[in-house]
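**Student:** Please read through the structure below; I'll follow up with questions.
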Amino acid sequence: MASALAASTAVCSSPLASASASASSARRLRAVPPSRGIRYQALRADSGFAGNRRGGGRGASVVCAVQGQDTSIQVPEVTKSTWQSLVMESELPVLVGYWATWCGPCKMIDPVVGKLSKEYEGKLKCYKLNTDENPDIASQYGVRSIPTMMIFKNGEKKDAVIGAVPESTLIASIEKFVER
């Protein structure tokens, strides 16, 4: 065993193997360009633009903010205890958005649902149901992925739209069930 180890060590450390290994390593090292570090330009507080404005180069982006105003419309939550009265017994069609706090696409579509709730005020009610807190209702209606938007009318599930879809897709679904 010791002689086999010595033989393999002798083969690995032969001058010919070392010379060819160091030559190929040197070739590989020369192929990598030297690092110049990471460069960045900090945003000025009074500027709405990132990056070099004159150059109009890559990575420039616009940063928008509304100061002192919350422009989003909060969609009320429905729970297991309020489901019957708010959704099943509603006189108007109801759009229910199934969501979870950890779901990125749910956060993307939430402002769209808020906007639609304002546009269809008096014709449609909009609620959201947290599937983590109310798994019974989600499984009762076959929700397998979120976000899922369901439309209920007269206590019956009428339509479902799955995913963070464009506003026009939700409008097309809503228009089938609202009074004109």
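Placement of Cβ uses the backbone N, Cα and C atoms for every residue, glycine included.
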**Student:** According to Swiss-Prot, which residue among Cys106, Cys126 is joined to Cys103 by a disulfide bond?
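**Tutor:** According to Swiss-Prot, the disulfide partner of Cys103 among Cys106, Cys126 is Cys106.
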**Student:** What residues, ordered by sequence, lie under 8 A Cβ-to-Cβ from Cys103 (active site, nucleophile) and sit at least six positions away in the same chain?
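**Tutor:** Once residues fewer than 6 apart are set aside, Cys103 (active site, nucleophile) is near Ile146, Pro147.
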**Student:** Cβ-Cβ under 8 Å from Pro105 (site 'Contributes to redox potential value'), same chain, 6 or more residues apart: which ones?
**Tutor:** Ile146, Pro147, Gly163, Ala164
**Student:** Using DSSP, break the domain 'Thioredoxin' (65-179) down into helix, strand and coil residues and give each count.
**Tutor:** 37 helix, 26 strand, 52 coil
